[in-house]
Each structure stands twice: as C-alpha cells, then as structure tokens.
Amino acid sequence: FCYLDDCACDVETIDAFNNERLFPKLQKLLESDYFRFYKVNLNKPCPFWTDNGLCGQKNCAVIPCTPVSIFLTLYSAEANDQECEKAEKLGAVDSSLSEETRQALLEWNKHDDEAERFCVIDDEESPDSQYVDLLLNPERFTGYKGPEAWKIWNSIYEENCFKPYTVKRPLNPMVSYSGNEPQLSIIPGILPGQCVEKRAFFRLVSGLHSSINIHLSARYLLDDNWFQKKWGHNVSEFQQRFDTQLTNGEGPKRLRNLYFLYLIELRALAKVLPLLQRPSFQLYTGQPTQDQQHKRLLLELLQVAKSFPLHFDETSLFAGNKEEAANLKEDFRLTFRNISRIMDCVGCFKCRLWGKLQTQGLGTALKILFSERQIEALPKSSSAWLTFQLSRQEIVSLLNAFGRISTSIRELENFRSLLSKVR
C-alpha cells in the first residue's frame, strides 16, 4: 500500500501499469454506447456572479462569444474579432443525435427508473438536460483568453479547498515569475495539524486541474486553415504549466497530485467491483449481446484495477468514529456540490461539459470509498434490497473521469519523449 505523502513515489510502476495494461481496455470500453452518452444540463445560470464570461472583445458584448477553456491564458486586449468567432466555434458542443439513438436513450431511462437510486442527480432530473455524445465532443484546447477563465479556478481553490500556506500560484498561469514579484499569490488556508482528509482534498483538486491542463496541451490547435484543423502536442504550452523553473517549483508538485488523483480513482474502481459484478447489474442499452460483451470488458477492467500492486491505503482517510466520518463525508459532499455549481459559471459549453463530468466522477469515487462497509455487506441474493447503489449517470461519469486521468498519465510519456528531443 501507499500513503498520502508518498503515494506517487513509484511513478514508473504506475506508468507501466496504466499504459500497458489498463489504458487500452479502458479506451475500448469508453467507446461503447453505454459510456459515450452523458446527460447534462449546460443551461444552468451561474449562481455566484452575474457576468457571463463572454469573449473580451468590444464587439462581443453585442454578439456573444462562447468563452472556451477555464484553464488558459488571461485575456489580451489586442485580440481581434476573428479570435472571438474561433473561440465560439471551438467551444461549441455537438449535441446532434440520430432519431434511433434518441429512442434508445428513452428506453435506457425507462429501464433505470425501475431501480431505486442512492441519490438524485440534478442534471438527470432537469427538463433542460440533454444527452451529449462524448466522442463528438473531446476535451481539448479551445483558444479562449480572458480574465473570466482564471476566475473559475480562483473560486475553486480559494473558496472550497483546504490549502497549504506554502503553495504559490501565479495569478496568470501563462506568465512565469522569479519568485519575488508581488503578482504571486500565496494561497492561505491549511493550519498545522490539519487532518489528512483535508490535505487529500486539496491534492485531488490540484490533480484534476493538472490533468485538464495536460489534455489542453496534448490536443492543442496547431494549425487552423480553410480546409482542416490540425491538433497535436504543444510542448511549450506543457512546459509553461509544469516545468520546474517556469512554475517556480510548482510543476512537479502538480504532477505528483495527478498521480495521487489517479490512485484514488483507481482504488475506487477496485472497491466497486462487488457491486458491478452482481448478475442483476447490466450495462443496458437494449442490445443484449453487446451489453453482455461490454459488461465482461468492464469486469475485466475492474479486475485489472484490483490487481494493481501499490493501491492507495484508504484507511488513512475517512478514519475516526462514526460521527466524525459522517460529518466529514457531509463536508466533502457539500464541497463537491459547490464545485459543481461553480462549473455552471464556465462560459464555454464544452469546458463546462467536461468540468461537470469529471467533478461528478471524482465525487462518485469518493462516495465509493466512503461506503466501503456498505459495499462489503452487499447481500448475495440478486433480489435483496441493496444499501448501496450507483445510478447510470454516476457509473458513466466515474469511468469517463478515470479515462481522462488515465489518458493524462499516458500523455506524460508522450511529452517526456518530445522534451527529450527538444533538449
């Protein structure tokens, strides 16, 4: 087992396990119908501030531009109207579905509604929600530049996280500093002796932030002309976010937090195996043969996850008496709910989509780790009442969120190779 402060020490073991054994199976599974469609409400108003995070150009106040990534550079006043239009196109969500697919999704809902749910997910119940094909809407660079972009992460870090005093974060994530400038903000928060759970929470959010930045750097718009768009790895963009010198020493810490997040979600996959291997659980899409094949692939994947030799020791988290554990679980749940609400402030629909999915996926992973005893006590009979359940939405978000983290680990190998050629 590994623990909070050293769980990412054996990076080579994690890389080999992910890239060779787990990543190929996971990508195949996520291409299946059950996992490629995600229901989301992209039309919720921002509950925290009134601005819409629109494109910063003066003419965009009249013709709104969909702001794109919440993790990119601060806005430049010299940007032109063509950039605004480009951001609108790149940040749009392709919600087109065939009539056959729409009918199938209605059948899936009918099947799922027959089961009791552990919790109600707002987006599932909202009449404004729609299914989105994740394969048509990949997470990648979108080109938005604006102060609203970094405002999202400021809100997540400064309002929700339990933060160490020593973490320094440039207000502009694309500008490097020597360490003495007043622009560097020291994140206040964590006190000596703060519990391990709260330190873990900060590392999880930091790991999620790192993963998304890796995707933006790995699927960067390198060329855009009238006949094609070329996406690929942008080494300079990656270095701006993770190089030791350019980030004033923060880059390696961010990557360690990515590995910590990977191990937390991997452990959750191993722990949820008893629930998903029950005969009554189906990956229902109305296609019995394919549904059975995909369940077998899912169980193979979970068995691989269970076989990992350096699993995170979750006994170092969520410990204490029952009352303390219950209070901590409620704190985490409310904090994740608040982060989900912040995602409704992201102006770019595509960024909002992936932000909401990955937040829900991480929340589902923590729900599993919090519920270990209920999972272990699941009855053998398929007709017995289950004290622990996951909805389709939670299962889809859990696997897709882990798919994003797994892909980030895989992309790190690509960037290491590219950086070795540059040097």
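Every residue gets a Cβ built from N, Cα and C, even glycine.
Of the cysteines Cys195, Cys351, only one is given by TrEMBL as the disulfide partner of Cys348: Cys351. Residues Arg140, Thr142, Trp153, Ser206, His209, Arg241, recorded as binding FAD, reach a greatest CA to CA spacing of 21 Å. The two recorded residues Arg241 (FAD binding site) and Cys348 (active site, nucleophile) have their Cα atoms spaced 21 Å from each other. Using a 10 Å Cα-Cα cut-off around Cys351 (disulfide bond), the binding-site residues Arg140, Thr142, Trp153, Ser206, His209 reduce to Arg140, Thr142. When the binding-site residues Arg140, Thr142, Trp153, Ser206 are ranked by how far their Cα is from the Cα of Cys348 (active site, nucleophile), Thr142 comes first.
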